[in-house]
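A short worksheet on the structure shown next.
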């Protein structure tokens, strides 16, 4: 380490600032320009304001699409399609026929 003049502010120490200014180029050399460029360009991390993305507009026939959704058959519930009452009756019949030892 080189001795640093104690009268200099920390941001003016030699080696604390790169010799060239940061730019918008994303080449390999510019991505490794300084710590800030590496995190922003190399890693893609930025803590600034997020750009507002515009929503995609719905096509003009969106009403027909909604109508086709309502015409679809309702989804059936999962499980035994015969229903819980018949399955209970089956269990009762099986328990009655099994002999108790």
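A Cβ is built for glycine as well, from the same backbone N, Cα and C atoms used for every other residue.
If you check Swiss-Prot, you get these features:
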- 48-57: compositional bias 'Basic residues' (COMPBIAS)
- 60-79: compositional bias 'Polar residues' (COMPBIAS)
- 86-101: compositional bias 'Basic and acidic residues' (COMPBIAS)
- 52: asymmetric dimethylarginine (MOD_RES)
- 53: asymmetric dimethylarginine (MOD_RES)
- 1-48: region 'Transactivation' (REGION)
- 22-37: region 'Cysteine-rich' (REGION)
- 48-101: region 'Disordered' (REGION)
- 49-86: region 'Interaction with the host capping enzyme RNGTT' (REGION)
Averaged over the region 'Transactivation' (1-48), what pLDDT does the predicted model reach?
81
If we skip the immediate neighbours and take only residues 6+ beyond the ends of the compositional bias 'Basic residues' (48-57), which ones have a Cβ under 8 Å from one of its Cβ atoms?
none
Would you mind checking how many other C-beta atoms are within 10 angstroms of the C-beta on residue 53 (asymmetric dimethylarginine)?
6
Run through the compositional bias 'Basic residues' (48-57) and tell me, per DSSP, how many residues are helix, strand and coil.
0 helix, 0 strand, 10 coil
